[in-house]
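A short worksheet on the structure shown next.
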Amino acid sequence: MNIFRLAGDMTHLASVLVLLLKIHTIKSCAGVSLKTQELYALVFACRYLDIFTNFVSLYNTVMKLIFLGSSFSIVWYMRYHKVVRRSYDKDQDTFRHYFLVLPCLVLALLINEKFTFKEVMWTFSLYLEAVAILPQLVLLQRTRNIDNLTGQYVFLLGAYRGLYILNWIYRYFTEPHFVHWITWISGLVQTLLYADFFYYYYQSWKNNQKLHLPA
Amino acid sequence: QESDDEHDEL
């Protein structure tokens, strides 16, 4: 494992911890999109179908369990916790799941490396992860006042994507036959979706102002 | 080296 991959995983982990911290200690999920969180839970459930059959390393297995556990517990908190669920911006978070899920499923059935159930589900999870942030970005755009933790959460997720691209570049040059077009293209699309947010995040950080997205 | 159908990333 190279330094970019490790740093990418750690920022991904940090993003989840920041979100759990916000929900667990402040008992608020204001500005957080339940749609995006449900899509992430679906992404991990479909991607880690091999968790007990394909052992890569203890690190991989533990991280998979953490991502599965945290994504489902965030969804649980936002849906059912008696305090947290009251802070959910339900009326603003109106993105429809199936607009994203159905095209990704069709695409995974058409474009995959191997037409088996596990492989199609894995490909579906890559396509869906690429666009799962959209409901969150739409919600940020709508509510416009973004608290620090929500801003940091999205920033860390974007950083994780960027580091994964560096990891692929590194692996391409250091490992023979490391070519994964589906992973790369969907990963690149996902990272580009953060570009706009990153621009405003950087501006607010540079000017030492509160993050504020234009209408 | 892992074969192509074994995914080693998260």
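A Cβ is built for glycine as well, from the same backbone N, Cα and C atoms used for every other residue.
Copied from TrEMBL, the annotated features are:
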- A:55-77: transmembrane segment (TRANSMEM)
- A:98-115: transmembrane segment (TRANSMEM)
- A:121-140: transmembrane segment (TRANSMEM)
- A:152-170: transmembrane segment (TRANSMEM)
- A:182-202: transmembrane segment (TRANSMEM)
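Of the candidate ranges A:55-77, A:98-115, A:121-140, A:182-202, A:182-202 has the most C-beta pairs within less than 8 angstroms of the transmembrane segment (A:152-170). Outside the transmembrane segment (A:98-115) by six or more residues, the chain places 39, 42, 121, 123-124, 127-128, 131-132, 134, 182 with a CB less than 8 A from a CB of the stretch. When Cβ-Cβ distances below 8 Å are used as the criterion, the transmembrane segment (A:121-140) is approached by residues 31-33, 35-36, 39-40, 42-44, 46-47, 49-50, 89, 92-93, 95, 100-101, 104-105, 107-108, 111-113, 146, 150, 154, 157, 182-183, 186-187, 189-190, 193-194, 196-197, 213 of the same chain, each at least six residues removed from its ends.
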